[in-house]
């Protein structure tokens, strides 16, 4: 009997030890060092007498949705890094929570701290329009990042990407390539992002409109969810539906990891693919030229860095030094550029 | 509690071949000719494949196969050009099975938990956490073995925590696993710093792209998990206990089953399945991120329910759950090859869940009973 209980306790000890060891090993496994990508979009201008000369101290309040996607994470990181590059900027950031209501609450605590300028990526431009109006009325200039307010009085500056333009750029590249190859009646597939978002609709519209101008159309369109696993799933469906494809446009490079995986798993290489957004991985793939990914159209999170720079100028009452105007303009729309093997090296520093 | 014996009545698949349809017509006519002569008990014993309790699981599965056939016929009717090519058809079957593989593995674990009277809302989050944890740079430096071990250990660990919260912490399963769903996704986002973590390990990525003997490895894994689950549920005391605990926990306790420990084991099993699924999904997507395996809990629960698993516990089959998963992935495939939108697909999925449950309730219970009663009274 004592023998028996000793056996049991030894077993318990072994199990306990194994569990502890596994636990220790696992916690050691959460580290993600060796990924110092924080300063990817710092554009500190060196020119003396330009916009970068230190001026009046400016406090910039920043709010963006909690990131669940590489692009949003890059927005927050870029804003922080850019603010850190200026000696005269104080950066206060509030977590915007999970939805527009949470962001509104977070923003009201931000306003109470009386920042000089607020830079804000709203969950939804329409839902936070009222906040923009309120802050502007209270004398705090608002810089809207990427998701437009419907009311022009709700912002001092709006800086955003061009979703429609992305579709245009992707379709133009695809159509020109197909024309150069002399493909008649090409089969074109599209893997969109989250279909309930307006930006996805705009991208698809730009794509379809431009293709139509070349007399082409999309043969099959699947909507994924901006995640790699959903991209893999939808791409598998697309490949299954179209036994022969000439070109694919995938809206988002993060989900593109999954799309490329699906292409490899299906052993298909008769077509070429264009990505979207411009992640570092996509640019490296394009440069290496060993996958079906031949180009990507940008929607760069570097706009967050630019937004901070411009917010600083607004706070100091300066204009952009290269322009004649004495103040910062009211609206800036980034052009969607096409990154190919030839120019990928120039853009690599903007990849996220 | 006047009932001294546990009321759990697990089906016995081994008896099914003996009660296969050929016996049926004679039995039916015998019952019709001599109503009330033998009494109800021997008649239902012989008619059991169509009417009795023991054949119920098999009848449900036949119904599901019927649905599957209808879906395939719709596919053939809408895309005859694709279905005319036999190599494409074979390829498509494999694609559907591959699509079903990850959710299928999760559903096996979910089926056990639901049969045991619980629910696990955290499965999608566990898959994401295990996947993210297994693809950190630190884990990847240990190679494929380290990544697989990490995914399994994380899945098992989180499942254990779920089980302990439910059985010893006395939390309602819905609440405990809901909390875990939120917390595990949060931890996954924290670890990954909200980025997509690319897996650079060719062994892991190869899991999704190798096909020994022409059948994808993912399908073998699904088959292995399903067979292991079937054996565990139908041929071991663990399975019997699961059904007993889910059917009537108090009776199970009085019968000498350690209900608490058994509940912990059920959630741990579900967690382990999520760990396996995490490796498969990471291999498929060549990456992991906190938002992956979105809403897998709903897919798995829906598949188990249309497969005939009783949400209140005590009844369910692994084969039914597998058929449920395959039906959903066939629908997804059908919509993809026809180029229809995801919105329409989701509406159809919702409709199928309701229809499947309605059909099961209606046709197999009341309708056959109603018919049987009618026939007896008319003669």
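Every residue, even glycine, has its Cβ placed from backbone N, Cα and C.
Curation plays no part in TrEMBL annotations; they are all automatic predictions.
Among the features that TrEMBL reports, region 'Disordered' is placed at B:1-45.
The transmembrane segment feature in TrEMBL is assigned to B:61-79 (among others).
Summarising the annotation, TrEMBL assigns transmembrane segment to B:99-132 (among others).
Among the features that TrEMBL reports, transmembrane segment is placed at B:144-165 (among others). Long-range contacts of the transmembrane segment (B:144-165) within the same chain: residues 120, 122, 126-127, 129-131, 133-135, 171, 176-177, 179-180, 184, 199, 201, 203-204, 263-276, 278-279, 282, each at least 6 residues beyond the stretch ends and with a Cβ under 8 Å from a Cβ of the stretch.
What TrEMBL lists as transmembrane segment is B:171-192 (among others).
Per TrEMBL, the feature transmembrane segment maps to B:213-233 (among others).
The transmembrane segment annotation in TrEMBL covers B:264-283 (among others).
Summarising the annotation, TrEMBL assigns transmembrane segment to B:318-337 (among others).
By number of Cβ pairs under 8 Å, the transmembrane segment (B:213-233) is matched best by B:99-132 from the list B:61-79, B:99-132, B:171-192, B:264-283, B:318-337.
Listed stretches B:61-79, B:171-192, B:264-283 were compared with the transmembrane segment (B:99-132); the greatest number of C-beta pairs under 8 angstroms is found for B:264-283.
When Cβ-Cβ distances below 8 Å are used as the criterion, the transmembrane segment (B:264-283) is approached by residues 101-103, 105-106, 108-110, 112-113, 116, 118, 120, 123, 126-131, 134-135, 147-148, 151-160, 162-164, 166-168, 199, 204-208, 218, 221, 225, 238, 242, 245, 292-293, 296 of the same chain, each at least six residues removed from its ends.
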